[in-house]
Amino acid sequence: MAVSCWTFLFAALSGILFSTQLSASQKVPNYTFMRNATTAPDISYYDYIIIGGGTAGCPLAATLSQNYSVLLLERGGSPYGNPNISNLAAFGAALSDISPTSPAQRFISEDGVINSRARVLGGGSCLNAGFYTRASPQYAREAGWDGRAVNESYEWVEKVVAFEPEVKQWQSAVREGLLEIGVVPNNGFSYDHIGGTKVGGTIFDHQGFRHTAADLLQYANPSAITLLLHATVHRILFRVKDGSKPMAHGVVFRDSLGRKHRAYLKHHPRSEIIVSAGALGSPQLLMLSGVGPAEHLRAHNISITLDQPLVGQGMSDNPMNAIFIPSPQPVEVSLIQVVGITSFGSYIEAASGENFAGGSPRDYGMFSPKIGQLSRVPPKQRTPEALAKATEVMQSLDQAAFRGGFILEKIMGPISSGHLELRSRDPNQNPSVTFNYFQDPRDLERCVQGLSVVEKIIESKAFAPFRYPNMPLSVLLNMTANSPVNLLPKHTNSSLSLQQFCRDTVMTIWHYHGGCQVGKVVDRDYKVLGVDALRVIDGSTFKYSPGTNPQATVMMLGRYMGLQILTQRVGGPAADQTDQ
């Protein structure tokens with residue numbers, strides 16, 4: 001998923017006003033074109049086949065279906081009717097669900113940071129903290145996008161999924177603290193990426209109900225689109241003729257019963273297969289289909305379609321570090337609403353809640369032993385016994401210890417990057433991924449500068465009502481660094497050295513990207529280099545994460561490229577009378 005595109009984790013919070021039942025504002029769409037893959041024919045034909053019904057795949061499919069037949073294949077299920085996805089009150093519950101049917105599939109990077117990828121229609125927009133903000137105009141220019149079309153595509157998305165949040169006391173204190181310490185100007189509410197302090201959008205409406213990329217399928221032409229759930233694509237099929245590029249012409253997928261199906265492109269020079277399976281899924285699927293580093297593919301007995309050593313390279317995850325601040329007074333439940341966009345490449349955000357209980361057993365939000373967002377643990381120490389012990393320690397703590405919230409910093413970029421490799425030929429198994437957090441010293445310096453800003457906010461007059469006066473910063477830093485669920489080897493200097501604190505408490509904010517980057521694996525039209533009739537359109541194509549949070553741009557990209565493909569098909573040199 002590009003995931004999306006995905007953001008900041010809090011668990012379900014008890015003692016709040018939101019019901020754990022479906023929100024009254026929820027309108028479950030009647031998608032007549034959505035069905036289980038077990039109902040699919042053995043063989044079918046379409047103008048476009050899109051692999052991945054996530055943050056990019058849904059708007060892309062909706063757009064292409066206006067003129068052509070589209071098959072959208074999603075390996076997960078529907079988000080509708082699942083309160084763990086729909087309700088703000090249940091935030092974190094889906095991420096802590098590690099069952100085979102969970103909408104979130106956990107993975108652990110080789111760095112040791114516990115992470116998650118989406119396995120649900122709507123992708124990461126079904127799991128994240130909901131923050132909605134656009135990329136900067138400079139990002140769009142460097143990507144080679146048309147500015148006017150980009151803005152129109154954002155607006156198309158925003159009509160359905162974006163809202164202005166209701167800012168209450170905790171978020172207001174963070175905002176005023178940012179302004180007090182000089183993260184200026186005050187830009188008020190805006191979807192735009194502007195230096196200073198602003199309130200961004202959210203995909204949660206005022207009733208606390210989540211709106212996702214799956215909602216963008218309401219734009220689809222129901223007579224031209226087929227959406228199959230629980231459809232796992234095992235490989236892309238290529239036709240290879242002597243002297244010409246391999247041409248993608250079909251896919252093999254299996255339904256939930258394990259039955260094999262094949263879908264083929266209709267015979268037209270502009271028909272295409274589009275991979276939108278996210279930053280892990282897209283490079284993984286290219287490799288499983290024989291497009292990747294030849295030596296690595298041979299090691300897995302995969303027939304080579306194209307030796308492409310850059311598939312799986314450039315994997316990055318924006319490191320996030322946070323400080324937990326216990327509050328002497330109750331605070332509202334809030335996810336990411338306010339952001340400070342600094343001049344040195346660090347973004348400051350915050351979230352809060354009355355407590356971190358929710359579900360059974362209790363999840364403890366970012367400190368959850370189940371979600372493990374503070375765990376950067378050697379594999380041999382990741383045992384059920386260790387997590388159970390951490391949970392027991394958490395449950396023994398006074399509930400007042402969990403009243404408060406986090407102020408976090410996330411660095412832009414990042415500059416550090418790693419790579420992705422296959423573990424097996426099973427598309428359901430996570431690939432191996434290494435992000436190399438803070439490998440580049442410039443990333444570490446941005447983290448230190450960002451945490452310095454967080455410290456200043458905590459010490460600001462504006463934030464004083466939410467801080468115990470007898471709790472110095474060193475205590476707050478140690479409390480975060482030595483939390484019972486952080487199974488890292490402890491360093492005694494974490495509160496004295498922000499560099500060490502950055503390394504010891506590194507977390508993901510689920511903004512990982514790369515693996516099929518523009519200029520390396522795909523061209524600026526997102527066509528896979530070296531093969532025909534195949535594109536990748538999602539966050540795997542990014543070199544840097546767009547804006548403070550990427551989901552808005554991933555959804556925009558699906559719409560934007562859908563329009564570009566429609567234009568190219570009608571106006572391109574390969575168009576003919578059969579195209580209409």
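Glycine is treated like the rest: Cβ placed from N, Cα and C.
Annotation source TrEMBL lists FAD binding site at Val120, Val233, Trp510, His511, Gly539, Pro550, Gln551. Counted within 10 Å of its Cβ, the other Cβ atoms near Gln551 (FAD binding site) come to 35, all protein chains included.
Among the features that TrEMBL reports, disulfide bond is placed at Cys447-Cys502.
Averaged across the domain 'Glucose-methanol-choline oxidoreductase N-terminal' (278-292), pLDDT in this predicted model comes to 98. Residues or ranges marked as domain 'Glucose-methanol-choline oxidoreductase N-terminal' by TrEMBL: 278-292.
Positions annotated as signal peptide by TrEMBL: 1-25.
Fewest Cβ neighbours within 10 Å among the binding-site residues Val120, Val233, Trp510, Pro550: this applies to Val233.
Annotation for the disulfide-bonded residues Cys447, Cys502: lowest Cβ count within 10 Å of the residue's own Cβ, Cys502. Between the alpha carbons (Cα) of Cys447 (disulfide bond) and Pro550 (FAD binding site) lies a span of roughly 19 Å.
Counting residues 6+ beyond its ends, the domain 'Glucose-methanol-choline oxidoreductase N-terminal' (278-292) has Cβ neighbours under 8 Å at 1-5, 51-52, 54, 107, 117-118, 123-124, 233-238, 302-309, 311-312, 315, 420, 422, 425, 427, 430-431, 433, 512-516, 521, 528, 530-531, 536, 538-540 in the same chain. In the shown protein chains, 31 other C-beta atoms lie within 10 A of the C-beta of His511 (FAD binding site). Across the residues annotated as binding FAD (Val120, Val233, Trp510, His511, Gly539, Pro550, Gln551), the widest Cα-Cα separation comes to 25 Å. Between the CA atoms of Val233 (FAD binding site) and Cys502 (disulfide bond) there is a gap of 38 Å.
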